[in-house]
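Trainee: Mind looking over this structure? Questions follow.
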Amino acid sequence: MPHDHHDHDHLSPSGHPYRADQDQGLTYWQVMEIAIRELMIEKGLVTAAEVQAQVDAMDARTPAQGAAVVARAWTDPAFRDRLLADGSAACAEMGFDVGPMKLIAVENTADTHNVVVCTLCSCYPRNLLGLPPDWYKSRAYRSRTVREPRKVLAEFGLTLPDDVTVRVHDSTADMRYLVVPARPAGTNGLDETALAALVTRDSMIGVGVAKAS
Amino acid sequence: MQVFEPGTEVRVRRMMPPGHVRTPAYLRGHVGRVERVLGPFGNPEQLAYGHTPDRLPLYRVRFRMADVWGDEGHRDDTLDAEIYAHWLEPL
Amino acid sequence: MTEPFDGKRWHDMGGAVAHPLMGPMPGDDHDFAIWEKRVDALVILSGLKGAFTVDGLRRVLEDMGEEAFETMTYYERWVASLNQNLLEAGTYSVAELAERMDAVRARGTTYGAASDAGV
């Protein structure tokens, strides 16, 4: 055994179990990755340190960042207005760089529910929420969400009343979308940190709602 | 290129070119309303092939789901998508 | 396929709820292996350095076709697209890639051995 299986029982920063990798047989695609990386470094396109820094940055991005933005919007009406007007600028205020794409925040209310999909590939606000979940990239989610959103949401455990309007956002180009879920009832006494803990990843994609306190 | 103000009704062009485009097929030929104007952004149809892109206005267009799919079940449900200017035509 | 092809491409999935390859909504999430995270990092860096764009990445993924979508993992497809774009950009040659892949294989039989022995 060349390495301990220390990773397998632990969760990554994004909360998912790690996949086996280093100890498995070398695949064709892994060989290609190693070769490309080395050639890119030797040709001066990137440095090994830049590659490592990107991987570290990816590991550091989790839905907690989006949750902090939502909690701020719940507690600070002026920030909420700025977030809805210019999502990228409002996130930058909090130190979150949403990258070259622009962020549009859409707010769930008593009569409107927003849900985000990318039918053409799997665009996702990764700088704010981390990498997308597997289902977000699936044929089922990509094809069905624009056609039968209420059925899809029901499969995620979210049954919407008929008098709530559903707005589906197909992330087709240069925008990325963050759903600001409705603030749960009975949370008046909670501070921003406690509120952020109620904001799930799924609620920020729009397939769920914030947890009750 | 014509500029569409928010609220303007526009139709998505019915083209089906065999190349990289970012306009979903299910919206082609359908009429929606400009929700907001974004951009300009580089044309992905040039960027995809390594060419210097033209900068185009990008529109968020809102469609009634009932118009796109022909179901009248939930009349007010909507679909929003970002569509580059050259894919839109006035009514 | 009995219908004549109308030009709509395979990746353009919105609304195709009755597609023959439709599967269930995947449940469990997983984190990614280090080689997958490196592929992601190399694609992001390629964009930042101006080697190719996200649309270049997508264009090759689309051109790889539906079979690749169904049979390869997400980052297997990404590394194939990364390579195609870098070859087109002239970052390295096919011959250089062939030689390097052989050298990588010669280092060992696990990712750790083949990767750590490199740069």
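Backbone N, Cα and C atoms are what each Cβ position is placed from, and that goes for glycine too.
A quick note: this is a predicted structure, and the numbers were derived from the prediction, not measured.
Annotation comment: TrEMBL describes A:CYS118, A:CYS121, A:SER122, A:CYS123 as Fe(3+) binding site. Sequence annotations record features per position, and here TrEMBL assigns domain 'Nitrile hydratase alpha/Thiocyanate hydrolase gamma' to A:29-208.
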Trainee: List those binding-site residues among A:CYS118, A:CYS121, A:CYS123 whose Cβ lies under 8 Å from any Cβ of chain C, in sequence order, or write 'none' if there are none.
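Mentor: Answer, by Cβ distance to chain C: A:CYS121.
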Trainee: If one looks at the chain holding A:CYS123 (Fe(3+) binding site), which residues at least 6 apart in sequence have a CB under 8 angstroms from its CB?
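Mentor: Looking at Cβ-Cβ distances below 8 Å from A:CYS123 (Fe(3+) binding site), excluding near sequence neighbours, one finds A:MET101, A:SER171, A:THR172, A:ARG176.
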Trainee: For A:CYS121 (Fe(3+) binding site), what is the secondary structure by DSSP, using just helix, strand and coil?
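Mentor: Looking at the DSSP assignment, A:CYS121 (Fe(3+) binding site) belongs to neither helix nor strand, so coil.
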